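For HIS161, CYS196, CYS200, MET207, the entry in Swiss-Prot reads Cu cation A1 binding site, with the evidence type similarity to another entry. Positions annotated as Cu cation A2 binding site by Swiss-Prot: CYS196, GLU198, CYS200, HIS204. For GLU198, the entry in Swiss-Prot reads Mg(2+) binding site, with the evidence type similarity to another entry. As annotated by Swiss-Prot, topological domain 'Mitochondrial intermembrane' applies to 1-26, 83-229, with the evidence given as sequence analysis. Per Swiss-Prot, the feature topological domain 'Mitochondrial matrix' maps to 49-62; the stated evidence is sequence analysis. Taken from Swiss-Prot, the feature transmembrane segment covers 27-48, 63-82.
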Amino acid sequence: MSTWANLGLQDSASPLMEQLIFFHDHALLILVMITVLVGYLMFMLFFNSYVNRFLLHGQLIEMIWTILPAIILLFIAMPSLRLLYLLDEINEPSITLKSIGHQWYWSYEYSDFNNVEFDSYMIPTNELANDGFRLLDVDNRIVLPMNSQIRILVTAADVIHSWTVPALGVKVDGTPGRLNQTNFFINRPGLFYGQCSEICGANHSFMPIVIESVPVNYFIKWISNSVNS
């Protein structure tokens, strides 16, 4: 989860998020190099008192500053396209979770099991435990197994919402009348927090998401208790 004064990205909990962080660092390095080069050229031109009166055009330099940016853009575009295709790929999911956005809470359904569905509301500040997180904790968490391919289907019942968990690198828009899907793979146990990332009304900022990642045997016990209850 995001911590106080954290200016960087959250710690990744999925392979896709790790790849997104690598791409961020790759693109940032290229941007820093361009900024330093342009700043150096502007500094030299500003303090240079010499002018070449016989320089009317420079074909070589024009070719360089046309071809070089194209090559740089290729170095950014290729890993970006690879990640876009990876984000859309569905790899034989073990579990399917359906998320429905409402004003202003989430509903969840475990499509592979009967009668496993619940609503998830934010816990108000006056009911929050001493060790709870303000505006982030919910009354019913999503419980998912680690080291398993998980598919999530996202839609909305009223207005556009967006189901987002930064640590997993997941952001899916929930649109009324449409069913969007993506997949993710949680590689460690823990609690992962997210929020609705599409302005959806007065209580938009009170729609948190909490995923509890557990080992597979604990998940099976939880599902068994949920089906029997």
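The chain as shown is numbered from 1 upward.
Placement of Cβ uses the backbone N, Cα and C atoms for every residue, glycine included.
Since we're looking at a predicted model, the values are computed, not measured.
When Cβ neighbours within 10 Å are tallied across all protein chains shown, the highest count among the binding-site residues HIS161, HIS204 belongs to HIS161. Helix, strand and coil content of the topological domain 'Mitochondrial intermembrane' (83-229), in residues and according to DSSP, is 28 helix, 63 strand, 56 coil. Distance noted between the C-alpha atoms of HIS161 (Cu cation A1 binding site) and GLU198 (Cu cation A2 binding site) is 5 Å.
Counting only same-chain residues 6+ beyond the ends of the topological domain 'Mitochondrial matrix' (49-62), none has a CB under 8 A from a CB of the stretch.
Between MET207 (Cu cation A1 binding site) and GLU198 (Cu cation A2 binding site), the C-alpha separation comes to 10 Å.
Taking a C-beta cut-off of under 8 angstroms and a sequence separation of 6 or more, CYS196 (Cu cation A1 binding site) has the following same-chain neighbours: GLY101, TRP104, HIS161, SER162, TRP163, THR164, HIS204, MET207, ILE209. Cβ neighbour counts within 10 Å, taken over all protein chains shown, single out MET207 as the most crowded of the binding-site residues CYS200, MET207.
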